[in-house]
Amino acid sequence: MAEEQFKPAAMEVEGAEAAASKPRFRMPVDSDNKATEFWLFSFARPHMSAFHLSWFSFFCCFLSTFAAPPLLPLIRDTLGLTATDIGNAGIASVSGAVFARVAMGTACDLVGPRLASAAIILLTTPAVYCSAIIDSASSYLLVRFFTGFSLASFVSTQFWMSSMFSPPKVGLANGVAGGWGNLGGGAVQLLMTLVFEAIRKIGSTPFTAWRVAFFIPGLMQTCSAIAVLAFGQDMPDGNYRKLHKSGDMHKDSFGNVFRHAVTNYSGWILALTYGYCFGVELAVDNIIAQYFFDRFGVKLSTAGFIAASFGMANIVSRPGGGLLSDWLSSRFGMRGRLWGLWVVQTVGGVLCVVLGMVDYSFGASVVVMILFSFFVQAACGLTFGIVPFVSRRSLGLISGMTGGGGNVGAVLTQLIFFHGSKYRTETGIKYMGLMIIACTLPITLIYFPQWGGMFVGPRPGATAEDYYNREWTAEERERGYNTGSVRFAENSVREGGRSGSQSKHTVPVESSPANV
């Protein structure tokens, strides 16, 4: 009798120990421990702390990459730069990140977003400091080229958010993190001119003041990398190294990650279309201050403020795109996400054409530029509302391909329309808008068998689990390597439309202290 009473007691102790060993979260999570809510002003670990670390580190990288354009009239006069020199440097600032972003995506898949992000930030920081000692057109081009590598941190930002937030919230999380990071492109237009003026008022000459100003973005970038290393966590359940060591996560190979990414045609289409939303944003960051300064004869500070308003729109525009993507998903599933992206990006292209046509009016140009900024940046948020669903095994590399496509678009746009004196700037802007409209059309070709595409419904009998399991061999599935993909498929149920809008796999927050 005593022995029978002892057994249930022992089982209860074992159950309590097992429950205690599971990670605990302050936020409600799904069956994959991804957050099902988005608490913007919370630092709850690990979900919201990862969010704040990712957007701020990307913000600092954006700040550093575009620290030069606001001071370009001064740098141009000091170094004797020609229009060709300026165009080449603008291309260099975004071209390096093309391959860096693809490499970053692979690094995220293999070693996790925390180490990958901190590494690229620290490796590019010296180039920011070296901006203070440039003395020729070639040195100016080199520092902009190497500083631009830091924009690869965008990929780790999006990968990190896709790893921390459940499918119903991933669009919003990616949109806010990417949008607030992109704020650096607007904030730097104000920051660098204000820092320059402050240093000059202390008694420095303009020649020295613009050089000293580069130490501010350099210091910010360094501090952000240290914070990511000290306080970041790769996944809800821990860092990659710990999860690989414990066997809770399969340590994948580069070959498998690469193969499943490059053979997924949807990833290539999103890379193309992203080139003409984010890529256009980068191109505009490079030319807009100088355009208003030269075209309308405004003061440097005024041109900087106008240019800042373009980038600062990211505080609501890109998050708004992510939120719109999630809302459309709740009503129409994945097909709603696709339609939303096509409509918003096409409208952005039309507004870009209009911006190039109203060059006769300063007021009209400012108003149209602001409207254009909202749509083109919202399209970026809508894009990364779709990217997390393209592949699970190669999520990082798909994100890297898409992000790299953004930089390719920026390079081509700068090279074709804003390089040298082939086109007047306003003419280049108009043609850039036509390019946006044309390169958005391939979105119509994206098709998910289990959810459908823009014009075609889902394939009968197709399931999300089958879609993601095709990335794993029968042997790998038998060993359980695909467990994460299966859980993601379960939590993506609402991508089929309204009938699946309520996921039964969400764990209430009240349950999390003991069982989550």
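Every residue, even glycine, has its Cβ placed from backbone N, Cα and C.
Bear in mind that TrEMBL entries carry predicted annotations, made automatically and left uncurated.
The predicted model assigns the domain 'Major facilitator superfamily (MFS) profile' (50-445) a mean pLDDT of 89. The domain 'Major facilitator superfamily (MFS) profile' annotation in TrEMBL covers 50-445.
Look at TrEMBL and you will find 53-74 (among others) tagged as transmembrane segment.
The transmembrane segment annotation in TrEMBL covers 115-134 (among others). Within the same chain, residues 54, 57, 60-61, 64, 67-68, 79, 100, 104, 107-108, 140, 142-143, 146-147, 149-150, 152-153, 156-157, 160, 211-212, 214-215, 217-218, 221-222, 224-226, 228-229, 232, 240 sit at least 6 positions outside the transmembrane segment (115-134) and bring their C-beta atoms closer than 8 Å to a C-beta of that stretch.
Residues of the same chain lying 6 or more positions beyond the ends of the transmembrane segment (141-160) and with a Cβ under 8 Å from any Cβ of it are 50-51, 54-55, 57-58, 61-62, 64-65, 67-68, 85, 88-90, 92-97, 100-101, 103-105, 107-108, 113-114, 116-117, 120-121, 123-125, 127-128, 130-131, 134, 174, 177-178, 181, 221, 234, 384, 387, 395-396, 399-400, 403, 407. Here TrEMBL flags 141-160 (among others) as transmembrane segment.
According to TrEMBL, the feature transmembrane segment maps to 180-200 (among others).
Look at TrEMBL and you will find 212-232 (among others) tagged as transmembrane segment.
Long-range contacts of the transmembrane segment (265-284) within its own chain (CB-CB distance under 8 A, at least 6 residues past either end) are made by residues 90, 94, 182, 185, 310-311, 341, 345, 348-349, 352, 373, 376-377, 379-380, 383, 386-387, 390-391, 398, 401-414, 417-418, 432, 435-436, 439-440, 442-443, 445-448. For 265-284 (among others), the entry in TrEMBL reads transmembrane segment.
Here TrEMBL flags 296-316 (among others) as transmembrane segment.
Marked as transmembrane segment by TrEMBL: 336-358 (among others).
Taken from TrEMBL, the feature transmembrane segment applies to 365-390 (among others). Within its own chain, the transmembrane segment (365-390) is flanked in space by residues 158, 162, 167, 170-171, 174-175, 178-179, 182, 264, 266-267, 270, 273-274, 277-278, 280-281, 284, 288, 292, 296, 306, 309-311, 313-314, 316-326, 329, 334, 337-338, 340-341, 344-345, 347-348, 351-352, 354-355, 358-359, 398-399, 402, 406, 436, 446, 448, 492, 495, which lie at least six positions past its ends and keep a Cβ under 8 Å from the stretch.
For 396-417 (among others), the entry in TrEMBL reads transmembrane segment.
As annotated by TrEMBL, transmembrane segment applies to 429-448 (among others).
Marked as region 'Disordered' by TrEMBL: 477-516.
For the transmembrane segment (429-448), the list of distant contacts is 265-266, 269-270, 272-273, 275-277, 280, 283, 291, 334, 338, 341-342, 345-346, 348-357, 376, 386, 389, 409, 413, 416-417, 423, 454-456, 458, 467, 495: same-chain residues at least six beyond its ends, Cβ to Cβ under 8 Å.
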